[in-house]
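Novice: Before I ask anything, let me first share the structure, which is written out below as structure tokens.
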Amino acid sequence: MARSMNLACVALVMCMVVIAPMAEAAVSCGTVTGDLAPCIPYLTGGAGPTDSCCAGVKKLLAAAPTTADRQAACNCLKTAAGNINNLNPGNAAALPGKCNVNIPYKISTTTNCNTIKF
């Protein structure tokens, strides 16, 4: 469970760039953390992201097509990131690029999810 939350933090960094809070977000925090759980080893300083990690990143991006979805996912990720021990901010910021995903926002735990637009 702690690993899922840590992964979610990393995903949050990535998704907060893509997702934001909304009243009816289709993306649940469980989905966000579950999709990004395979990324935890990379997010905490491991070697490059695994294929399953990148598949989760792409799945999460596809699951958040609207501004509200992206903001909701972003907020879930920020919460999860706070629970990941030894989160490597550089690896979190590099995750989208390593997975060949383009996100027009900075990936960071300090990202303001409310500013994310679709």
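Numbering starts at 1 and runs along the chain as it is shown here.
Using the three backbone atoms N, Cα and C, a Cβ is placed for every residue, glycine included.
Grabbed the feature section from Swiss-Prot, which reads as follows:
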type: DISULFID; residues: Cys29-Cys76; note: disulfide bond
type: DISULFID; residues: Cys39-Cys53; note: disulfide bond
type: DISULFID; residues: Cys54-Cys99; note: disulfide bond
type: DISULFID; residues: Cys74-Cys113; note: disulfide bond
type: SIGNAL; residues: 1-25; note: signal peptide
Novice: What is the nearest of the disulfide-bonded residues Cys53, Cys54, Cys74, Cys99 to Cys29 (disulfide bond), using the Cα of each?
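Specialist: Of all the candidates listed, Cys74 is nearest in space.
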Novice: Given the disulfide-bonded residues Cys39, Cys74, Cys113, find the one whose Cα is closest in space to the Cα of Cys54 (disulfide bond).
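Specialist: Nearest candidate: Cys39.
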Novice: Restricting the comparison to the disulfide-bonded residues Cys39, Cys53, Cys76, Cys99, which residue's C-alpha is spatially nearest the C-alpha of Cys113 (disulfide bond)?
Specialist: Cys76
Novice: Determine, to the nearest whole angstrom, how far the Cα atom of Cys76 (disulfide bond) is from the Cα atom of Cys99 (disulfide bond).
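Specialist: So the Cα of Cys99 (disulfide bond) lies 20 Å away from that of Cys76 (disulfide bond).
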Novice: Report the member of Cys29, Cys39, Cys53, Cys74, Cys113 (the disulfide-bonded residues) whose C-beta atom has the most other C-beta atoms within 10 angstroms.
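Specialist: Per the Cβ count, the most surrounded site is Cys74.
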Novice: At a 10 Å cut-off from the C-beta of Cys99 (disulfide bond), count the other C-beta atoms across all protein chains.
Specialist: 21
Novice: Enter the number of other CB atoms within 10 angstroms of the CB of Cys54 (disulfide bond).
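Specialist: For Cys54 (disulfide bond), the count of other Cβ atoms within 10 Å is 20.
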Novice: How many Å separate the Cα atoms of Cys99 (disulfide bond) and Cys53 (disulfide bond)?
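Specialist: If we compare the Cα positions of Cys99 (disulfide bond) and Cys53 (disulfide bond), the gap is 8 Å.
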Novice: Give the helix, strand or coil assignment DSSP yields for Cys99 (disulfide bond).
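Specialist: Assignment for Cys99 (disulfide bond) reads coil.
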